[in-house]
Amino acid sequence: MSLTNKLSIKDLDLKNKRVFIRVDFNVPLDGTTITNNQRIVAALPSIKYAIDQGAKAVILASHLGRPNGQRVEKYSLKPVQAELSKLLGKPVTFLDDCVGPKVEEEVSKAKDGEVILLENLRFHPEEEGSHKDADGKKIKADPAKVEEFRKSLTSLADVYVNDAFGTAHRAHSSMVGIELPQRAAGFLVAKELEFFAKALEHPERPFLAILGGAKVSDKIQLIDNLLDKVNALIIGGGMAFTFKKTLENVKIGNSLFDEDGSKIVAGLVEKAKKNNVKLVFPVDYVTADKFSKDAKVGHATDAEGIPDGWQGLDCGPKSIEEFQKVIGESKTILWNGPPGVFEFDNFAKGTKAVLDACVKAVDNGATVIIGGGDTATVAKKYGAEDKLSHVSTGGGASLELLEGKTLPGVAALSEKK
């Protein structure tokens, strides 16, 4: 599946059309107060574009939280209405359901670019295709009802736009079940696809991936897929210790060791050799006597190893130097996972140094892509989001793309003619 050949909102004629936009308004709430409106702000370009192009109505659908297929008041999208209205500078109509005759009737009356926000899609088990019973067991939704749910959503509009990249790895009804002739990517999704295509389909070389995170076994598919694509791979974070101990018998003290992951280390290194991929590991460490922000801080190198009772929580100055050098030599950089426990100030130096090197690389003409999740949090924490080429909004979705999987929400989009 090519990521670059999908229909985009700009390819559509929206005049006098009812435009259904699947957005991601899964915002953090404190009661009914939105504590971070970033996801709403991110959806504005597609919404405004549809209005400016003369759409008859813009119908917005999203999920919020995990209500498990039932109506749960604290997961209502109602609080988004006022915030969205304020940001758009125009009224927004809120409907207290997302399907059914009442909703269909309200939407059919809309005109003059009216913006309609539907209630949480996940109040219906038919959105996710299942719900959990009291014992946490998965109960599949009735296929006939799923079909009916999808038909009702489809009947609301003339064209479909998907702008919820964070949910693109889920084959949910609002992602794959709206059978309109034209299904296009919104601006957000189009940008995600453009940058991931840049890295995965036609990278400017040298191409470097920086991986962090705790367990090797969680990242097997990711490492395996990237070894077919990159020229160099930095392996940092907790999972570096599994490689170091297995390959070089470095003493790692109480640092993370992934028993299952250790069994596949040799195979991954073999593949890297075969594909001529340079593997870069840390060679020194900032250590702690416990996993805590106020732990005692120590230092260790490969030669002496980490003493028992201590654990490595960040990479040391020599490693930082080596990482910066490799980053500086690269033209395309994909970063997924921090090299240290950046949440604790004493162990954030390595992560900050890698970020600074990435920002510098962008200044020197490289493309740097941050793959969502914790690494996106790093960029936000240090105010670097607009200094990088692209910070992905989808943790799970970007990870699955990088693992070489097809995303259902992307596969469901129409191809450009």
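Using the three backbone atoms N, Cα and C, a Cβ is placed for every residue, glycine included.
The (2R)-3-phosphoglycerate binding site annotation in Swiss-Prot covers V23, D24, F25, N26, Q38, R39, S62, H63, G65, R66, L121, R122, H169, R170. Marked as ADP binding site by Swiss-Prot on the basis of similarity to another entry: G213, G237, F342. The feature CDP binding site is assigned by Swiss-Prot to G213, D218, G237, G337, F342. What Swiss-Prot lists as ATP binding site is A214, K219, G238, G312, E343, D374, T375. Annotated AMP binding site per Swiss-Prot: A214, K215, K219, G238, G312, E343, in sequence order. Look at Swiss-Prot and you will find A214, D218, D374 tagged as Mg(2+) binding site, backed by similarity to another entry.
Note: the Cα of G337 (CDP binding site) and the Cα of V23 ((2R)-3-phosphoglycerate binding site) are spaced 26 Å from each other.
Counting only same-chain residues six or more apart in sequence, the Cβ atoms lying under 8 angstroms from the Cβ of G312 (ATP binding site) belong to F241, I252, G253, S255, P282, Y285, V286, T287, A288, A300, I306.
For Q38 ((2R)-3-phosphoglycerate binding site), the nearest of the binding-site residues by C-alpha distance turns out to be T375; the candidates were G237, F342, E343, T375. In sequence order, the binding-site residues near G238 (ATP binding site) (Cα within 10 Å of its Cα) are K215, drawn from F25, G65, H169, K215, F342.
Rounded to a whole number, the C-alpha distance linking D374 (ATP binding site) with V23 ((2R)-3-phosphoglycerate binding site) is 22 angstrom.
Cβ packing within 10 Å was compared across the binding-site residues Q38, S62, T375, and the lowest neighbour count falls to Q38.
According to DSSP, L121 ((2R)-3-phosphoglycerate binding site) sits within a helical segment.
On a Cα basis, A214 (ATP binding site) lies 6 Å away from G237 (ADP binding site). Each residue contributes its Cα atom, and for T375 (ATP binding site) and G213 (ADP binding site) those atoms are 10 Å apart.
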